[in-house]
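What follows is one structure encoded as C-alpha coordinates, with my remarks underneath.
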(Lines of atoms letter the chains of each structure in order from A and count residues from 1; the text may use other names and numbers.)
(Lines give C-alpha, C1' and ligand atoms only; values in the text may rest on other atoms or scores of the structure.)
Protein backbone atom coordinates (compact mmCIF):
# COMPACT_ATOMS: atom_id res chain seq x y z
CA UNK A 1 0.00 0.00 0.00
CA UNK A 2 1.35 3.42 -1.01
CA UNK A 3 0.69 6.31 1.40
CA UNK A 4 1.23 9.97 0.48
CA UNK A 5 0.93 13.07 2.66
CA UNK A 6 0.50 16.82 2.32
CA UNK A 7 3.69 18.61 1.25
CA UNK A 8 4.78 22.23 0.84
CA UNK A 9 6.33 21.90 -2.62
CA UNK A 10 8.26 19.73 -5.09
CA UNK A 11 11.86 20.68 -5.71
CA UNK A 12 14.89 19.29 -7.50
CA UNK A 13 16.08 17.61 -10.69
CA UNK A 14 14.84 14.19 -11.72
CA UNK A 15 14.58 11.71 -14.55
CA UNK A 16 11.69 9.41 -15.37
CA UNK A 17 11.69 5.88 -16.83
CA UNK A 18 11.92 5.33 -20.57
CA UNK A 19 8.87 5.99 -22.71
CA UNK A 20 6.52 3.01 -22.59
CA UNK A 21 5.13 3.48 -26.10
CA UNK A 22 8.59 3.76 -27.67
CA UNK A 23 10.00 0.86 -25.61
CA UNK A 24 7.28 -1.48 -26.91
CA UNK A 25 7.87 -0.44 -30.50
CA UNK A 26 11.65 -0.70 -30.22
CA UNK A 27 11.38 -4.40 -29.33
CA UNK A 28 8.71 -5.19 -31.91
CA UNK A 29 10.23 -3.37 -34.87
CA UNK A 30 13.78 -4.47 -34.07
CA UNK A 31 12.60 -8.09 -34.00
CA UNK A 32 11.30 -7.86 -37.59
CA UNK A 33 14.30 -5.85 -38.84
CA UNK A 34 17.38 -7.35 -40.46
CA UNK A 35 20.42 -7.38 -38.19
CA UNK A 36 21.21 -6.27 -34.66
CA UNK A 37 19.49 -3.44 -32.80
CA UNK A 38 20.62 -1.88 -29.52
CA UNK A 39 18.04 -0.15 -27.35
CA UNK A 40 19.12 2.22 -24.56
CA UNK A 41 16.75 3.73 -21.99
CA UNK A 42 14.31 0.81 -22.28
CA UNK A 43 11.47 0.80 -19.73
CA UNK A 44 11.69 -2.36 -17.65
CA UNK A 45 8.06 -2.14 -16.58
CA UNK A 46 5.77 -5.16 -16.62
CA UNK A 47 4.03 -4.19 -19.87
CA UNK A 48 7.23 -3.83 -21.89
CA UNK A 49 8.64 -7.04 -20.39
CA UNK A 50 5.52 -8.78 -21.71
CA UNK A 51 6.47 -7.62 -25.20
CA UNK A 52 9.99 -9.06 -24.79
CA UNK A 53 8.52 -12.36 -23.59
CA UNK A 54 6.19 -12.59 -26.60
CA UNK A 55 8.95 -12.01 -29.13
CA UNK A 56 11.24 -14.50 -27.43
CA UNK A 57 8.41 -17.01 -27.82
CA UNK A 58 8.35 -16.09 -31.52
CA UNK A 59 12.00 -17.12 -31.83
CA UNK A 60 13.81 -13.80 -31.40
CA UNK A 61 17.07 -13.63 -29.40
CA UNK A 62 16.74 -10.69 -26.97
CA UNK A 63 19.48 -10.05 -24.41
CA UNK A 64 19.20 -7.61 -21.50
CA UNK A 65 22.67 -6.29 -20.65
CA UNK A 66 21.47 -3.81 -18.06
CA UNK A 67 22.56 -0.65 -19.87
CA UNK A 68 20.96 -1.77 -23.14
CA UNK A 69 18.76 -4.40 -24.76
CA UNK A 70 20.30 -6.30 -27.70
CA UNK A 71 17.85 -7.69 -30.29
CA UNK A 72 18.95 -10.03 -33.06
CA UNK A 73 16.38 -9.21 -35.71
CA UNK A 74 15.37 -11.81 -38.28
CA UNK A 75 13.62 -9.61 -40.84
CA UNK A 76 9.95 -9.48 -41.74
CA UNK A 77 9.65 -13.23 -42.36
CA UNK A 78 11.95 -14.61 -39.65
CA UNK A 79 9.47 -15.21 -36.82
CA UNK A 80 8.69 -18.80 -35.78
CA UNK A 81 5.35 -20.34 -34.85
CA UNK A 82 5.18 -20.23 -31.02
CA UNK A 83 4.89 -23.49 -29.10
CA UNK A 84 2.60 -21.92 -26.50
CA UNK A 85 -0.04 -19.21 -26.15
CA UNK A 86 1.50 -15.71 -26.18
CA UNK A 87 0.76 -13.78 -22.97
CA UNK A 88 0.51 -9.99 -23.29
CA UNK A 89 -0.09 -9.58 -19.54
CA UNK A 90 -1.84 -6.27 -18.85
CA UNK A 91 -0.59 -4.60 -22.02
CA UNK A 92 -3.07 -3.36 -24.61
CA UNK A 93 -0.18 -2.07 -26.72
CA UNK A 94 1.41 -5.52 -26.81
CA UNK A 95 -1.69 -7.46 -27.87
CA UNK A 96 -2.93 -4.91 -30.41
CA UNK A 97 0.38 -4.17 -32.13
CA UNK A 98 1.61 -7.76 -32.14
CA UNK A 99 -1.69 -8.76 -33.75
CA UNK A 100 -0.76 -6.58 -36.72
CA UNK A 101 2.56 -8.39 -37.09
CA UNK A 102 0.98 -11.82 -36.56
CA UNK A 103 -1.58 -11.03 -39.27
CA UNK A 104 1.31 -11.21 -41.72
CA UNK A 105 2.67 -14.58 -40.54
CA UNK A 106 1.80 -17.84 -42.30
CA UNK A 107 1.29 -19.70 -39.03
CA UNK A 108 -1.22 -19.94 -36.19
CA UNK A 109 -0.87 -17.89 -33.00
CA UNK A 110 -3.05 -17.57 -29.92
CA UNK A 111 -2.51 -14.41 -27.87
CA UNK A 112 -4.15 -13.56 -24.54
CA UNK A 113 -3.61 -11.43 -21.45
CA UNK A 114 -4.64 -10.98 -17.84
CA UNK A 115 -8.24 -10.61 -16.61
CA UNK A 116 -8.23 -6.85 -17.24
CA UNK A 117 -6.87 -7.13 -20.79
CA UNK A 118 -9.37 -9.85 -21.65
CA UNK A 119 -12.15 -7.28 -21.07
CA UNK A 120 -10.72 -4.66 -23.43
CA UNK A 121 -12.08 -4.23 -26.99
CA UNK A 122 -10.17 -5.92 -29.81
CA UNK A 123 -12.73 -5.59 -32.62
CA UNK A 124 -11.17 -2.22 -33.47
CA UNK A 125 -8.07 -4.08 -34.72
CA UNK A 126 -9.70 -7.38 -35.72
CA UNK A 127 -12.01 -5.72 -38.25
CA UNK A 128 -9.35 -3.93 -40.34
CA UNK A 129 -6.91 -6.86 -40.13
CA UNK A 130 -9.62 -9.19 -41.42
CA UNK A 131 -10.25 -6.78 -44.30
CA UNK A 132 -6.57 -7.12 -45.19
CA UNK A 133 -6.95 -10.91 -45.35
CA UNK A 134 -6.04 -12.25 -41.90
CA UNK A 135 -8.12 -14.86 -40.05
CA UNK A 136 -8.86 -13.59 -36.54
CA UNK A 137 -11.25 -15.17 -34.07
CA UNK A 138 -11.86 -14.73 -30.37
CA UNK A 139 -14.51 -14.39 -27.71
CA UNK A 140 -17.47 -12.18 -28.63
CA UNK A 141 -16.77 -12.68 -32.37
CA UNK A 142 -13.18 -11.55 -32.04
CA UNK A 143 -13.83 -8.54 -29.83
CA UNK A 144 -12.27 -10.09 -26.73
CA UNK A 145 -9.04 -12.01 -26.09
CA UNK A 146 -7.87 -14.72 -26.30
CA UNK A 147 -7.42 -14.08 -30.03
CA UNK A 148 -6.62 -16.78 -32.57
CA UNK A 149 -4.69 -15.37 -35.54
CA UNK A 150 -3.67 -17.05 -38.78
CA UNK A 151 -2.07 -14.64 -41.20
CA UNK A 152 -0.40 -14.44 -44.57
CA UNK A 153 -1.47 -13.29 -48.05
CA UNK A 154 -2.43 -9.81 -46.92
CA UNK A 155 -3.44 -6.97 -49.20
CA UNK A 156 -2.83 -3.31 -48.48
CA UNK A 157 -5.90 -1.12 -48.01
CA UNK A 158 -7.13 2.43 -47.54
CA UNK A 159 -8.69 2.57 -44.05
CA UNK A 160 -10.52 5.46 -42.38
CA UNK A 161 -10.17 4.74 -38.66
CA UNK A 162 -13.38 5.31 -36.66
CA UNK A 163 -11.30 5.99 -33.53
CA UNK A 164 -8.24 8.18 -33.02
CA UNK A 165 -6.03 5.41 -31.66
CA UNK A 166 -2.30 4.93 -32.15
CA UNK A 167 -2.76 1.23 -31.36
CA UNK A 168 -5.28 0.74 -34.18
CA UNK A 169 -3.20 2.76 -36.63
CA UNK A 170 -0.04 0.88 -35.66
CA UNK A 171 -1.63 -2.58 -35.97
CA UNK A 172 -2.73 -1.75 -39.53
CA UNK A 173 0.65 -0.29 -40.51
CA UNK A 174 2.54 -3.29 -39.09
CA UNK A 175 0.26 -5.62 -41.04
CA UNK A 176 0.84 -3.38 -44.04
CA UNK A 177 4.53 -4.34 -43.99
CA UNK A 178 3.33 -7.76 -45.17
CA UNK A 179 0.62 -6.55 -47.56
CA UNK A 180 0.54 -6.45 -51.32
CA UNK A 181 0.33 -2.80 -52.39
CA UNK A 182 0.24 0.36 -50.30
CA UNK A 183 -1.51 0.63 -46.94
CA UNK A 184 -3.16 3.94 -46.04
CA UNK A 185 -4.62 4.93 -42.65
CA UNK A 186 -6.74 8.06 -42.26
CA UNK A 187 -7.52 9.73 -38.90
CA UNK A 188 -9.79 12.70 -38.18
CA UNK A 189 -7.64 13.65 -35.19
CA UNK A 190 -4.01 12.53 -35.42
CA UNK A 191 -2.98 10.04 -32.73
CA UNK A 192 0.53 9.34 -31.44
CA UNK A 193 3.00 8.80 -34.27
CA UNK A 194 5.81 6.86 -32.58
CA UNK A 195 5.29 3.89 -34.91
CA UNK A 196 5.60 6.03 -38.03
CA UNK A 197 8.75 7.76 -36.77
CA UNK A 198 10.44 4.50 -35.82
CA UNK A 199 9.43 2.75 -39.05
CA UNK A 200 10.98 5.63 -41.01
CA UNK A 201 14.14 5.47 -38.88
CA UNK A 202 14.48 1.74 -39.59
CA UNK A 203 14.17 2.26 -43.34
CA UNK A 204 10.46 1.93 -44.14
CA UNK A 205 8.87 3.66 -47.12
CA UNK A 206 6.36 5.70 -45.12
CA UNK A 207 4.95 9.22 -45.27
CA UNK A 208 2.37 11.23 -43.33
CA UNK A 209 0.43 14.28 -44.43
CA UNK A 210 -2.50 15.91 -42.60
CA UNK A 211 -3.72 12.81 -40.79
CA UNK A 212 -3.11 10.44 -43.72
CA UNK A 213 -0.31 7.86 -43.35
CA UNK A 214 0.86 5.87 -46.38
CA UNK A 215 3.13 2.81 -46.17
CA UNK A 216 4.68 1.23 -49.27
CA UNK A 217 6.73 -1.94 -49.73
CA UNK A 218 9.52 -1.85 -47.15
CA UNK A 219 12.39 -3.68 -45.49
CA UNK A 220 13.56 -2.74 -41.99
CA UNK A 221 17.19 -2.69 -40.82
CA UNK A 222 18.49 -2.83 -37.25
CA UNK A 223 19.65 0.40 -35.59
CA UNK A 224 20.69 1.87 -32.26
CA UNK A 225 17.62 3.34 -30.56
CA UNK A 226 17.60 5.78 -27.63
CA UNK A 227 14.34 5.75 -25.67
CA UNK A 228 13.56 9.16 -24.11
CA UNK A 229 11.92 9.63 -20.72
CA UNK A 230 8.16 9.05 -20.75
CA UNK A 231 6.19 12.31 -20.64
CA UNK A 232 3.16 10.35 -19.38
CA UNK A 233 5.22 9.33 -16.33
CA UNK A 234 6.72 12.81 -15.94
CA UNK A 235 3.19 14.26 -16.06
CA UNK A 236 2.41 13.22 -12.48
CA UNK A 237 5.37 15.23 -11.17
CA UNK A 238 4.83 18.08 -13.63
CA UNK A 239 1.19 18.49 -12.59
CA UNK A 240 1.99 18.25 -8.89
CA UNK A 241 4.79 20.81 -9.12
CA UNK A 242 2.76 23.19 -11.29
CA UNK A 243 -0.07 23.27 -8.73
CA UNK A 244 2.10 23.69 -5.61
CA UNK A 245 3.21 27.35 -5.32
CA UNK A 246 6.93 27.62 -4.60
CA UNK A 247 7.83 24.41 -6.41
CA UNK A 248 10.81 24.34 -8.78
CA UNK A 249 11.21 21.04 -10.62
CA UNK A 250 13.25 19.99 -13.64
CA UNK A 251 12.56 16.66 -15.37
CA UNK A 252 15.47 15.82 -17.65
CA UNK A 253 15.58 13.95 -20.97
CA UNK A 254 11.82 13.72 -21.54
CA UNK A 255 10.27 12.84 -24.91
CA UNK A 256 8.51 15.85 -26.42
CA UNK A 257 6.83 14.32 -29.45
CA UNK A 258 4.14 16.89 -30.46
CA UNK A 259 1.46 14.16 -30.40
CA UNK A 260 2.18 13.70 -26.67
CA UNK A 261 2.64 17.23 -25.31
CA UNK A 262 -1.00 18.08 -24.62
CA UNK A 263 -0.20 18.00 -20.89
CA UNK A 264 2.13 21.00 -21.33
CA UNK A 265 -0.50 22.93 -23.30
CA UNK A 266 -3.21 22.32 -20.69
CA UNK A 267 -0.99 23.21 -17.73
CA UNK A 268 -0.08 26.45 -19.49
CA UNK A 269 -3.78 27.11 -20.18
CA UNK A 270 -4.34 26.75 -16.43
CA UNK A 271 -1.67 29.37 -15.76
CA UNK A 272 1.28 27.04 -15.25
CA UNK A 273 4.85 28.30 -15.61
CA UNK A 274 6.63 25.77 -17.84
CA UNK A 275 9.82 26.13 -19.89
CA UNK A 276 11.57 23.69 -22.23
CA UNK A 277 15.38 23.60 -22.23
CA UNK A 278 18.10 21.61 -24.00
CA UNK A 279 15.79 20.64 -26.87
CA UNK A 280 17.34 18.02 -29.17
CA UNK A 281 16.44 15.11 -31.46
CA UNK A 282 17.20 11.39 -31.39
CA UNK A 283 15.73 8.83 -33.76
CA UNK A 284 13.21 11.35 -35.06
CA UNK A 285 11.90 12.02 -31.53
CA UNK A 286 12.22 15.41 -29.83
CA UNK A 287 13.76 15.28 -26.35
CA UNK A 288 14.23 18.05 -23.79
CA UNK A 289 14.28 19.12 -20.15
CA UNK A 290 11.03 20.45 -18.66
CA UNK A 291 11.32 23.18 -16.00
CA UNK A 292 8.26 23.93 -13.85
CA UNK A 293 7.67 26.68 -11.30
CA UNK A 294 4.66 26.17 -9.06
CA UNK A 295 1.97 28.84 -8.83
CA UNK A 296 -1.78 29.29 -8.50
CA UNK A 297 -3.68 27.52 -11.29
CA UNK A 298 -7.12 28.18 -12.79
CA UNK A 299 -9.82 25.91 -14.17
CA UNK A 300 -10.01 25.22 -17.89
CA UNK A 301 -11.89 23.26 -20.55
CA UNK A 302 -10.31 20.15 -22.08
CA UNK A 303 -12.07 19.01 -25.27
CA UNK A 304 -11.94 16.23 -27.82
CA UNK A 305 -9.44 17.98 -30.11
CA UNK A 306 -6.62 17.69 -27.57
CA UNK A 307 -7.66 14.43 -25.86
CA UNK A 308 -5.54 12.13 -28.11
CA UNK A 309 -2.45 14.16 -27.09
CA UNK A 310 -3.02 13.67 -23.34
CA UNK A 311 -5.31 10.65 -22.95
CA UNK A 312 -3.10 9.08 -20.25
CA UNK A 313 -2.69 12.35 -18.36
CA UNK A 314 -6.41 12.99 -17.70
CA UNK A 315 -6.40 11.28 -14.25
CA UNK A 316 -3.72 13.57 -12.80
CA UNK A 317 -5.14 16.65 -14.53
CA UNK A 318 -8.45 15.88 -12.82
CA UNK A 319 -6.66 15.93 -9.46
CA UNK A 320 -4.97 19.29 -9.90
CA UNK A 321 -8.19 20.73 -11.34
CA UNK A 322 -9.66 20.21 -7.86
CA UNK A 323 -6.91 22.45 -6.41
CA UNK A 324 -7.27 25.17 -9.07
CA UNK A 325 -9.54 28.21 -8.87
CA UNK A 326 -12.75 27.74 -10.84
CA UNK A 327 -14.35 24.88 -12.72
CA UNK A 328 -12.66 22.42 -15.10
CA UNK A 329 -14.71 20.51 -17.70
CA UNK A 330 -13.29 17.49 -19.52
CA UNK A 331 -15.22 16.16 -22.55
CA UNK A 332 -14.56 13.95 -25.57
CA UNK A 333 -12.64 11.42 -23.47
CA UNK A 334 -14.72 8.27 -24.13
CA UNK A 335 -11.51 6.28 -24.73
CA UNK A 336 -10.85 6.44 -20.98
CA UNK A 337 -13.68 3.94 -20.48
CA UNK A 338 -11.73 1.14 -22.20
CA UNK A 339 -8.31 1.59 -20.60
CA UNK A 340 -6.97 -0.66 -17.81
CA UNK A 341 -10.06 0.45 -15.92
CA UNK A 342 -12.96 2.76 -16.75
CA UNK A 343 -10.85 5.75 -15.83
CA UNK A 344 -13.74 8.20 -15.86
CA UNK A 345 -15.85 6.28 -13.33
CA UNK A 346 -12.79 5.22 -11.31
CA UNK A 347 -11.45 8.76 -10.91
CA UNK A 348 -14.85 10.28 -10.13
CA UNK A 349 -15.51 7.59 -7.49
CA UNK A 350 -12.14 7.95 -5.75
CA UNK A 351 -12.09 11.75 -5.93
CA UNK A 352 -15.51 11.89 -4.29
CA UNK A 353 -14.21 9.64 -1.48
CA UNK A 354 -11.64 12.30 -0.54
CA UNK A 355 -14.09 15.20 -0.59
CA UNK A 356 -13.72 16.50 -4.14
CA UNK A 357 -16.85 17.81 -5.86
CA UNK A 358 -16.80 16.12 -9.25
CA UNK A 359 -19.61 15.09 -11.60
CA UNK A 360 -19.32 12.23 -14.08
CA UNK A 361 -20.23 13.03 -17.69
CA UNK A 362 -20.83 10.46 -20.47
CA UNK A 363 -17.49 11.39 -22.02
CA UNK A 364 -15.58 13.03 -19.18
CA UNK A 365 -16.13 14.90 -15.93
CA UNK A 366 -16.77 18.30 -14.38
CA UNK A 367 -14.60 19.31 -11.42
CA UNK A 368 -15.19 22.14 -8.95
CA UNK A 369 -11.89 23.80 -8.07
CA UNK A 370 -10.58 25.36 -4.90
CA UNK A 371 -11.61 22.48 -2.68
CA UNK A 372 -10.30 21.02 0.55
CA UNK A 373 -9.15 17.45 -0.09
CA UNK A 374 -9.77 15.39 3.03
CA UNK A 375 -7.73 12.20 2.55
CA UNK A 376 -8.51 8.57 3.30
CA UNK A 377 -8.24 5.11 1.76
CA UNK A 378 -8.76 4.79 -2.02
CA UNK A 379 -8.71 2.07 -4.68
CA UNK A 380 -6.40 1.78 -7.69
CA UNK A 381 -8.56 -0.65 -9.70
CA UNK A 382 -5.28 -2.33 -10.62
CA UNK A 383 -4.66 0.67 -12.91
CA UNK A 384 -1.20 2.23 -12.65
CA UNK A 385 -2.35 5.70 -13.73
CA UNK A 386 -5.23 5.79 -11.23
CA UNK A 387 -2.80 4.78 -8.47
CA UNK A 388 -0.24 7.47 -9.36
CA UNK A 389 -2.92 10.16 -9.78
CA UNK A 390 -4.25 9.41 -6.29
CA UNK A 391 -0.68 9.47 -4.95
CA UNK A 392 -0.33 13.03 -6.26
CA UNK A 393 -3.72 13.81 -4.71
CA UNK A 394 -2.21 12.98 -1.33
CA UNK A 395 0.27 15.87 -1.68
CA UNK A 396 -2.69 18.28 -1.36
CA UNK A 397 -4.79 16.38 1.23
CA UNK A 398 -5.45 17.29 4.88
CA UNK A 399 -4.94 13.66 5.94
CA UNK A 400 -2.84 10.87 4.36
CA UNK A 401 -4.17 9.15 1.24
CA UNK A 402 -3.68 5.38 1.31
CA UNK A 403 -3.82 3.60 -2.06
CA UNK A 404 -4.79 -0.07 -2.15
CA UNK A 405 -3.17 -2.39 -4.71
CA UNK A 406 -0.51 0.20 -5.51
CA UNK A 407 1.95 -2.40 -6.85
CA UNK A 408 0.25 -1.96 -10.24
CA UNK A 409 2.40 1.18 -10.59
CA UNK A 410 5.25 -1.16 -11.59
CA UNK A 411 3.52 -1.57 -14.98
CA UNK A 412 4.97 1.77 -16.12
CA UNK A 413 6.98 3.36 -13.27
CA UNK A 414 8.81 0.77 -11.11
CA UNK A 415 10.53 3.32 -8.79
CA UNK A 416 7.74 5.89 -8.57
CA UNK A 417 7.67 6.07 -4.76
CA UNK A 418 11.43 6.61 -4.47
CA UNK A 419 11.36 9.34 -7.14
CA UNK A 420 8.50 11.09 -5.34
CA UNK A 421 10.22 10.97 -1.94
CA UNK A 422 13.34 12.52 -3.48
CA UNK A 423 11.58 15.73 -4.59
CA UNK A 424 8.93 16.39 -1.89
CA UNK A 425 9.72 19.16 0.56
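A Cβ is built for glycine as well, from the same backbone N, Cα and C atoms used for every other residue.
Annotated phosphoenolpyruvate binding site per Swiss-Prot: 20, 92, 120, 167, 343, 385, in sequence order. Close to residue 167 (phosphoenolpyruvate binding site) in the fold, though at least 6 residues off in sequence, lie 92, 93, 96, 97, 125, each with a CB less than 8 Å from its CB.
The 3-phosphoshikimate binding site annotation in Swiss-Prot covers 20, 21, 25, 165, 167, 312, 339. With a cut-off of 8 Å between CB atoms and residues at least 6 apart in sequence, the same chain places 92, 120, 383, 385 near residue 339 (3-phosphoshikimate binding site), listed in sequence order.
Swiss-Prot lists 312 with the feature active site, proton acceptor. The Cβ of residue 312 (3-phosphoshikimate binding site) has 232, 235, 385 as same-chain neighbours under 8 Å, each 6 or more residues away in sequence.
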If one measures from the C-alpha of residue 343 (phosphoenolpyruvate binding site) to the C-alpha of residue 165 (3-phosphoshikimate binding site), what distance in angstrom results, rounded to a whole number?
17
Across all the protein chains here, work out how many other Cβ atoms are within 10 Å of the Cβ of residue 120 (phosphoenolpyruvate binding site).
18
For the binding-site residues 21, 165, which one has its C-beta crowded by the most other C-beta atoms within 10 angstroms?
21
